[in-house]
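Enquirer: Quick one: the structure is below, and I'll ask about it shortly.
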Amino acid sequence: MDKLERIELESQVCNELERFIGSGDKLLAEFVIGLADENPKLKDFNKAISENVPDFPESLSSHLFNLIEKMKKKTTTTTNNNNNNNNNNTNTAKTTTTTTTTTTTTNNNNYKESEWEETKLNSNSNNQKKNQFPGLSIPNKVEWDQGKIVDVPIDDEKTKEELKRKQQDMDREFEREQREKRDRDREQQNKRREIDKEPILYKIYDGKVSSINDYGCFVTLEGIAGRRDGLVHISQILSGRTKLNHPSDVVKRNQQVKVKILSVASSKISLSMKDVDQSTGRDLNPQQNIQSIISTNSTNNRSNPFKPNNNNNNSSNNNNNDDDDKYTTSKNRKRIASPDRWGYKQLIASGILSVPEMPNYDKEVGLVNHDEEQPEEDFDIERNEDEPQFLKGTRMNMQQLSPIKIVKKPNGSLQRAASTQTALSKERKEEKNQQRNEMMDSIPKDLSLPWHDPMPEAGERHLAQEIRSIAGQGIDTEIPEWKKVTQGSHIQYGKATSRSIKEQRESLPIFPLREAFLQAVSEHQLLVVIGETGSGKTTQMAQYLAEAGYGTRGKIGCTQPRRVAAMSVSKRVAEEFGCQLGQEVGYAIRFEDCTSPETIIKFMTDGILLRECLLDPNLSAYSVIILDEAHERTISTDVLFGLLKQALQRRPELKVLITSATLEAEKFSKYFMNAQLFIIPGRTFPVDIRYTKDPEADYLDASLITVMQIHLSEPPGDILLFLTGQEEIDAACQILYERMKSLGSNVPDLIILPVYSALPSEMQTKIFEPAPPGSRKVVIATNIAETSLTIDGIYYVIDPGFSKQKCFNPKNGMDSLVVAPISQAAARQRSGRAGRTGPGKCYRLYTESAFKNEMLASSIPEIQRTNLGNTVLTMKAMGINDLLNFDFMDPPPVQTLVSAMEQLYSLGALDEEGLLTRLGRKMAEFPLDPQLSKMLIASVDLGCSDEILTVVAMLSVQNVFYRPKEKQALADQKKAKFFQPEGDHLTLLNVYESWKNSKFSNPWCFENFVQARSLRRAQDVRKQLITIMDRYKLDIISAGRNYTKIQKAICSGFFANASKKDPNEGYKTLVEGQPVYIHPSSTLFNRNPDWVIYHELVMTTKEYMREVCTIDPKWLVELAPKFFKTSDPNKISKRKRKEKIEPLYDKYNDPNAWRPSKRK
């Protein structure tokens, strides 16, 4: 029995070695098991492995040790079962004594009884989740303390020498087996070379003439599997300028000839006899083959000069070319109707028409016979419902879980008001469209005629298009009058001040606390800093630490939740620090690194620091880490919380500062091991908070009425109004301006200033300027003004109680922006804005009951309401597999984690056990979404990585095209030049390649109405991605004009976004059957292909697909077999079951008369 268990253990280890390192050698497996027997501890086993096999991965050795121990435990449990049955009485006595001891220990514990019960409840809930979702609680393979060095006793020197001798013997045996294996492989390859499976381009074959026609002869090729015939055109038989009257003058039937393959298209092969010496078989025109190879190599080397010289992929690439040539050739053929084809036959028979003059004649192939083509069958696919091993039963358990809630009371007054405002917003859009249609109808009919004329005179259609574009876009592009008044003729940049930088720094609330702050940092390893917006904590703390000498031990890192904030803050600190940006003070954001070896203070996004944790979990390059704006609770910030807690335990000298603008002090302090709080007192004054008596149905109208009442009846002081988004703010500004204008000139001036993230930072600076005497300003802003902006002079705040929040739907796997009530903490933060300059008032446009009963205590963190695919992939790459027990401040919902794991599994990043694959490891190295990473890596195998690099870079930027108001028709004409029938991705590729051919010139961009800044940004992103691909030896190959490869690569990453044309209207997604539509700006708008893939969905008046690409449905099953499968032809698919059969209209019978149940 022991021998059988030993054999099973050896086979298990062999399988793991084969899976991870590609060599399942039995001797190596026995050696590893022997080391595990000699070293019962994991640290000793890892050390023994590293000494004997230097390049052996530590994570693999830990995995093998756990596997061996697990197998050993199985054997010990089976042998001990009998002993347990015989010793029940003894075990009972031991249990009694153990229970007594445990009770005594518990009584002597310092923990409170309530804390003990709470811990017990949490452990029970965790155990329940573990049982329901075992795939989310996989043990972490790599422990953090495995890297510590363990001293080896002197007594083990003999053992070490024996192990080395064994290893040397194994190495010699392994090398011998590898030589024998290579010899066998070489012999098999030589045998395979004798007969080719497919014809090879430019190779010379022997053949026999099978038939002779007027335009050439057909030759049956030898040396290829199966029967293959090719055409030698009459022009390819004799070299020189000798003209043949008929091929029978040179060749005879059954004659042996030597031919060279010129091209392979579908099943048609084009051959040449004149390029081959018929006696010796020598290639008389080798230059053609050489030039094609040189051009291919030059293209690849130009794209990536550092790529490895790997010739093993040639055969696979050739096969891909053959398959794609079939698709391209069949697509480009011109089909002739059967009556026309009969007429052509009659003309040829009468001698009026020659064969080369036929429309379906090809110089290389000859006549293309469309009769051979069969009509395409209706290809139906459906979702693959097979669950991986690590997610077995999770879908059933997910149905029992409650959905993600971002609203406390879905039927409350606040939620009803949000729904009403959404309906009113749609009404405003419809009213705008109606105005546009009325303007279109007002155009003279005679000017519209050239637009409908298929063959207009030169210039007529251009004039009509200009008029139509002015009518169609004039409402949208014309600058409203309120904007003209607000912006004025002169714009001042920045907050006007006459004080020096030193005086500005000393005027901040944090300056008097400088010494106390440094003292607190030196005494505590972790510090939670609470300070309101404008206290100076972001710009000053890092400088205080650098001045105190913390920058000599390592960098001072400061994270920001937004890229714009990281760049702007670093510029300000560099100015105060007295250095050039990028030297002592720098910043790092995605695809942009503005630092140097001299950098002391480094500002970065929280995502950048998370990626640095992937490479160095200890963050050894930093002496201090500042997590700024932690109250915003982004996904990366929440993950960094848990990682930094672990890093603090491993590095006692590391200092971590958590800053927040809200007073969630107890929560942060409790999570960070009762960390010390450092509070920066702000300039706060009392605020009078007022509620409405009844709920407001239209909060936008109520807000504007409140603004006018304050302006007409309250003392001087500026107003701050919170709304949800750009569209709502613009509508409010327009309505408010018209209402104030209708009051006449006797009313004091009201300056209307909008603020939202889409506005340039230079345009937002007007809100900081004081209003002129005798006037008042109203700032209408999103929740960006809650904490990120400090506006002086605000005495009145109007809070409708809503904001836009990103919410993830695990059912369809998409994020969406929804209008939802704010939290109580956000409401307090908004009211606090009125007490910065003096005593103020806050008008809450909801009832006090709604504040207490319908608002959550604090905002839901982003990690609990958004997609976690990228986050889970990063954590898996760090070795964190136990996601349920990871130390999150607020754990994400289980259904969101399961959805992320399913997505990564379908992309091939996870295996059947939920562990990271080699593909997943590569995907984690790219700073991209998992779909884009998979698309980029798959393009290497498909032979189109050069083009996909460009597509990914162009997708990362926005607003490539622009349409100036006065030249909209010309801009549309220029844009149409770049259109590709395959879709928007190829259109973006065409734009970049055209810009590249113009030597990246700015005049070309201006001429073609393309944003030069966006293209330069895409160029920088592309260079960064090329650097990562070079680092991991990924080839950069160009597909040329073969767009099928590019479409396949896009499909390999975004297969979940596939949609099929709906017979009634628009499209329906394959995953959920959701109705979607192609965006009007798309290349494929009004073309309506049957199958498409989209990059993202945008919700305006409809669910629009943006960046759309056509696909072949067969690719979905081929490239994503874990996600899609072909429907069973013997059964009705789920999609067809949902379709309703509508009979043809029959005025004499009932519509349901055809049903068997209705028949008599």
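Glycine is no exception: its Cβ is also placed from the backbone N, Cα and C atoms.
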Enquirer: When you get a sec, could you say which of 580-583, 628-631, 944-947 is annotated motif 'DEAH box' by Swiss-Prot?
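Expert: Among 580-583, 628-631, 944-947, the range Swiss-Prot annotates as motif 'DEAH box' is 628-631.
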Enquirer: Quick check on the compositional bias 'Polar residues' (412-424): DSSP residue counts for helix, strand, coil, in that order please.
Expert: 12 helix, 0 strand, 1 coil
Enquirer: In sequence order, what residues of the same chain, 6+ apart, have a Cβ less than 8 Å from the Cβ of G536 (ATP binding site)?
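Expert: When sequence neighbours closer than 6 are ignored, G536 (ATP binding site) has R505, L508, P509, I510, F511, I680 within Cβ distance under 8 Å.
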Enquirer: Looking only at Cβ atoms, how many others are within 10 Å of the one on G531 (ATP binding site)?
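Expert: 21, counting other Cβ atoms within 10 Å of G531 (ATP binding site).
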Enquirer: Look at each of the binding-site residues, T533, G534, S535, K537, T538, and point out the one with the fewest other Cβ atoms around it within 10 Å.
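Expert: Comparing Cβ neighbours within 10 Å for the binding-site residues T533, G534, S535, K537, T538, G534 has the fewest.
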Enquirer: In the domain 'S1 motif' (202-274), how many residues does DSSP put in helix, strand and coil?
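Expert: Result for the domain 'S1 motif' (202-274), in helix, strand, coil order: 6 helix, 37 strand, 30 coil.
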